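According to Swiss-Prot, the active site, proton acceptor annotation covers ASP312, on the basis of sequence analysis. If you look up Swiss-Prot, you'll see LYS19, GLY91, ARG119, GLN166, ARG343, ARG386 marked as phosphoenolpyruvate binding site. Residues annotated as 3-phosphoshikimate binding site in Swiss-Prot, with sequence analysis given as evidence: LYS19, SER20, ARG24, SER164, GLN166, ASP312, LYS339.
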Amino acid sequence: MKREKVTSLNGEIHIPGDKSISHRSVMFGALAEGTTTVKNFLPGADCLSTIACFRKMGVSIEQNGSDVTIYGKGIDALCEPDSLLDVGNSGTTIRLMLGILAGRPFHSTVAGDESIAKRPMKRVTEPLKQMGAAIDGRADGGFTPLSVRGGQLKGIDYVSPVASAQIKSAVLLAGLQAEGTTTVTEPHKSRDHTERMLNAFGAELAETETSASVTGGQKLRGADIFVPGDISSAAFFLAAGAVVPGSRIVLKNVGLNPTRTGMIDVLKQMGASLEVIPSEADSAEPYGDLVIETSALKAAEIGGEIIPRLIDEIPIIALLATQAEGTTVIKDAAELKVKETNRIDTVVSELRKIGADIEPTEDGMKIHGKKTLAGGADVSSHGDHRIGMMLGVASCLTEEPIDIRDTEAIHVSYPTFFEHLDQLAKKA
């Protein structure tokens, strides 16, 4: 896809529904008793994989664009799938679903695409095995395909080596089916969509700053869920609005969950002109409008506790840093190596192709700004949606057009991304 520089970006867009919350709304609706309705669901490939997997386990789900209805009959109504549960490209689907399958008295096999086959699963399968699930696969359950025989689980106190909402959620979902209480403790607080949604579906949890506990045997009740816009998708337009000259972009109804707003903190730290207008609506997840305008940016050091709050935004932050005065350092982000691609390598290689002064480090990267991006190169998403969208924003800045390969990857989380970008763009 050939893309060229724009003179400015102006207008208002509605960001598609949050991917993390969309996944969970379907899963919890499938486990609940009664009907669950979901508004502003994200109909991207990843979330559609979640729907397909639960349909295979006998759950009746109607999906019409961004409206979804799940006719739940309780967790005990899930039935043994008669074929492979295929998660496609979705790490959230496989890791959370493993927590559910761990407590079900049947056999299932779970796998996904080539990217999923490379992603580490032991971080989830190990605590589930400790609880009593039988899980096997390549490298002793470390990689897909995975075979799961669920059964009687016992609650555990699990100390996670990394702050990961996927690990925490998998163990808590298993804990709902276990005897006794299950507690997960993390080094820093990860995103808390699971805890908020369990509350919305009627479950009781005990929480501290870095831990969450559930007691087994609780029943979930169907709920009405509004999914706010995905801040990880909004991040691309926040960055674009900050660095493309003469821009002003309004993003409507974006999720403002404090465990996800690291991008907003970084933009403010870098000196961006950003206004946050919280919604007054009563909702399990806070949300509001964001207004971003072009401004001069300065470099920042990004690391420590903020990393779990912006791990998915690091590719676009790297691009942002090319347009900031000084050297930006991103550290404590080794988790990037086990995303859809090794995002340290792919961000560095693709941004270098278009003229960025960027170098990889063991746990992040250093970006030297402010730099004019020459462009005039062939670049690729490497099958990673967030790299594809980062390059889409980069094309607005490059002196010469760039040709972006493998743009279909963006359908995972933001099928209308380029449509929205073109809607805002004033061409040179």
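Including glycine, each Cβ sits where the backbone N, Cα and C put it.
Location within the structure of each feature annotated in Swiss-Prot.
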| residue | record | DSSP class |
| --- | --- | --- |
| LYS19 | phosphoenolpyruvate binding site | helix |
| ARG24 | 3-phosphoshikimate binding site | helix |
| GLY91 | phosphoenolpyruvate binding site | helix |
| ARG119 | phosphoenolpyruvate binding site | coil |
| SER164 | 3-phosphoshikimate binding site | coil |
| LYS339 | 3-phosphoshikimate binding site | coil |
| ARG386 | phosphoenolpyruvate binding site | helix |
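Taking only the Cα positions, the spacing between LYS339 (3-phosphoshikimate binding site) and GLY91 (phosphoenolpyruvate binding site) is 9 angstrom.
ARG24 (3-phosphoshikimate binding site) sits 13 Å from GLY91 (phosphoenolpyruvate binding site), counting Cα to Cα. The DSSP secondary structure for ASP312 (active site, proton acceptor) is helix. A Cα-Cα distance of 12 Å separates LYS19 (phosphoenolpyruvate binding site) from the residue listed as 'active site, proton acceptor'.
SER20 (3-phosphoshikimate binding site) sits 19 Å from ARG343 (phosphoenolpyruvate binding site), taking the C-alpha atoms as the reference points. With all protein chains in the displayed structure included, the most crowded Cβ environment within 10 Å among the recorded positions LYS19, SER20, ASP312, ARG343 is that of SER20. Calculated from their C-alpha atoms, the gap between ARG343 (phosphoenolpyruvate binding site) and SER164 (3-phosphoshikimate binding site) amounts to 17 Å.
Among the binding-site residues GLY91, ARG119, SER164, GLN166, ARG386, the ones whose Cα sits within 10 Å of the Cα of ASP312 (active site, proton acceptor) are ARG386. With all protein chains in the displayed structure included, the most crowded Cβ environment within 10 Å among the binding-site residues ARG119, ARG386 is that of ARG386. Other Cβ atoms within 10 Å of the Cβ of SER164 (3-phosphoshikimate binding site) number 21 in total over all chains. For the pair GLY91 (phosphoenolpyruvate binding site) and SER164 (3-phosphoshikimate binding site), the Cα-Cα distance reads 12 Å. Of the binding-site residues ARG24, LYS339, ARG24 has the largest number of other Cβ atoms within 10 Å of its own Cβ. Pairwise Cα distances among LYS19, SER20, ARG24, SER164, GLN166, ASP312, LYS339, which the record gives as the binders of 3-phosphoshikimate, peak at 20 Å. ARG119 (phosphoenolpyruvate binding site) sits 14 Å from SER164 (3-phosphoshikimate binding site), taking the C-alpha atoms as the reference points.
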